[in-house]
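Enquirer: This is the structure I have questions about; it appears just below.
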């Protein structure tokens, strides 16, 4: 479909999902997120040719939460390559994103890098190689998004850190199996700061556009990941990016994706575009009600899929 049609499609989708904005529930287990107005929506496409299309609350920033895990993995792969997979797996979990039972059963090796335990151990790996992990993460998002003012919402980071106990339990459990190198609380502080980075949908789609462009940032022309690793990362996003709703998302949307409890969803159509959508009301799986519906509509209207 010609890119000139994208704007009208996004406008139509924004109107069609409007009745869904009152559905779902914001993530109230993180006090700072519980204060967000649930009836907000934005969606943006950033193409591999550098075109931007957006509808809804395009300039509204939000914390990206678990969508940051994709960049954590990217930075870790840059520094470890395949060595990283000795510490974290590549399989779908089929359980809740913060499950301790599965982690115990599999002797401290998380199923994949997108469940909490997997992201935390990936963050631990980064912590071992970076002197200033939060600075590196911020600078990466600033460079890839084109916004040098990207910042961390410290209120959200502090709120998540205060209620870190289950995530801390995962870290200590992995440490008991010899799969954790640094102080758990130090790593969690970095992890929650990554989650509390604020972008809008345009910035988010642009920052991750290298996933649709064979690993190359099309603004700078610099390679972020080798082409093969980019394909592998997209494969993991398809199988595990939406936790135990990944299969349903793959069936309905047909693209690799990653969600976050702020109501953010990122999706990738290789060689075409990245799309970011945000709407805070969540379903029982912790995914955005309007966001998932919007991406399904996009897939149908453009007749797109990776298959």
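Backbone N, Cα and C atoms are what each Cβ position is placed from, and that goes for glycine too.
Residues annotated as substrate binding site in Swiss-Prot: 66, 116, 160, 167, 191, 243, 261.
Structural setting of the listed features?
Expert: In the three-state DSSP classification, residue 116 (substrate binding site) falls within a helix. A sphere of 10 angstroms centred on the C-beta of residue 116 (substrate binding site) encloses 22 other C-beta atoms.
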Enquirer: Among all the protein chains here, how many other CB atoms are within 10 A of the CB of residue 160 (substrate binding site)?
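Expert: There are 25 of them.
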Enquirer: Can you tell me the three-state DSSP label for residue 191 (substrate binding site)?
Expert: helix
Enquirer: Quick one, of the binding-site residues 66, 167, which Cβ has the fewest other Cβ within 10 Å?
Expert: 167
